[in-house]
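Working notes for the structure below.
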Amino acid sequence: MTTVGVSLFRRSPEKITMKIAAFLGLSFLLIASYVLICEAQHPGFQELLILEENMRDPENSKERSCAKPRENCNRMNILCCRGECVCPTFGDCFCYGD
């Protein structure tokens, strides 16, 4: 009777290895999905929205391809209407100045 109870709690090394491998595989998939979600929220999409907004803004009709103060900007693609594009250590770049 005692040997039956003890054998129920013993696990073979193959089962333990398979559980560890499954855990590591699922952890990798979870991290990969987080990376893909973050990539989907790339600032390039936000830059496109700024350009579309500026195209429809009558106040900004002379400077249609620029970002207003405190809007996000990118030194490569979108210039600021007035002021300069400031990029902090953490976070998105934004237009600063008048």
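Placement of Cβ uses the backbone N, Cα and C atoms for every residue, glycine included.
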Per Swiss-Prot, the disulfide partner of Cys73, chosen from Cys38, Cys85, Cys87: Cys85
Whichever of Cys66, Cys80, Cys81 is disulfide-bonded to Cys95 when Swiss-Prot is consulted: Cys80
Swiss-Prot annotation, disulfide partner of Cys81 among Cys38, Cys66: Cys66
Separation of alpha carbons, Cys80 (disulfide bond) and Cys73 (disulfide bond) (Å): 7
Rounded distance in angstrom between the Cα atoms of Cys85 (disulfide bond) and Cys95 (disulfide bond): 5
Site with most surrounding Cβ atoms, counting all protein chains shown within 10 Å, from the disulfide-bonded residues Cys66, Cys73, Cys81, Cys85: Cys73
